[in-house]
Amino acid sequence: MDYIENQGAYGTPTASIDWCELNYTYSPYIAEFYNTFSSLIISLFGIYGIWIMMPNFGTGVEKEHIKILKQLDVRNKVILSYISLIVVGVGSAFYHATLLYQNQLFDELPMIYTALIMLYIMVTVGEEKTKKGFKGGVLGNSLLRHLLPYLLIAYGLFVTITILVIQDQPKILQVSFGALVFYVVFHSIYLINKKKPDGMPSNPDSYLYKYAFVSMLVGFTCWVVERYFCKNGKTFGFQLHAFWHFFTGMSTYVWTQFLICKLLEAKHYCVGIKHTLGLPRIHAIKRF
């Protein structure tokens, strides 16, 4: 059930969804306090992801890793995915702070664009661009591969226009975003089970996938439970939508590390892994 305590500094909420948390409990300028600040945690995962891509990060192993990613033209793709994650967090914070429809779009549309970026990176794992087109990868040099960027852009535009035209219908985002996540999940399984290059030692791809998938699953469970069991601004005494923010932010960060792992593996690099406060980050070791 939705709760609107008062209008706050932004007037009557215009967003299509007003979440479980009671509005303007702590400040007339922040509609949903916990949901707003937990949104910024999403951005922090993106900021951390970019930080570990910087040339001055870490010791010799990390510096060599970043150098390799630049040589393989992977670093910029990774940074773009983390920038999009930062935008999702900022947009989500604006949405939950104001409960205005235009800020809801600032939250929802970057979610679609971030998923499309990750999908594109994932589909192009293992391919090389040649004078005759593309070599390797799941699509090879097929017509579909050449049309892929345009198809993804068209999907993003279609969803954007649909959401703008048909307002107050959150299921449009839920279905369109859910379809992208569904594909990413199962294409990841395909990449894990794909035959690895001869002589390649084990790498942490399966571990990273499980880490990201479980994080996403826990976050989604929090989202669903809150929608159905909200009572007096909480769900079983917790702000579960804030947990959704944390776990989905962490999942997206780790999934990007998974993609880096597969991109390196396709170029015959061994991959190592380190943790900071339980958060994994991978690094290239050497070619085999």
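Glycine is no exception: its Cβ is also placed from the backbone N, Cα and C atoms.
Feature list (source: Swiss-Prot):
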- N23: N-linked glycosylation site (CARBOHYD)
- 41-61: transmembrane segment (TRANSMEM)
- 78-98: transmembrane segment (TRANSMEM)
- 105-125: transmembrane segment (TRANSMEM)
- 146-166: transmembrane segment (TRANSMEM)
- 172-192: transmembrane segment (TRANSMEM)
- 206-226: transmembrane segment (TRANSMEM)
- 240-260: transmembrane segment (TRANSMEM)
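When each of 78-98, 105-125, 172-192, 240-260 is scored by its Cβ pairs under 8 Å to the transmembrane segment (41-61), the top-ranked stretch turns out to be 78-98. Put simply, of 78-98, 172-192, 206-226, 240-260, the stretch with the most CB pairs closer than 8 A to the transmembrane segment (105-125) is 78-98. According to DSSP, N23 (N-linked glycosylation site) is assigned to coil rather than to any helix or strand. Recorded stretches compared: 78-98, 172-192, 240-260; the one with the most Cβ pairs under 8 Å to the transmembrane segment (206-226) is 240-260.
For the residue listed as 'N-linked glycosylation site', the number of other Cβ atoms no farther than 10 Å from its own Cβ, over all displayed protein chains, is 22.
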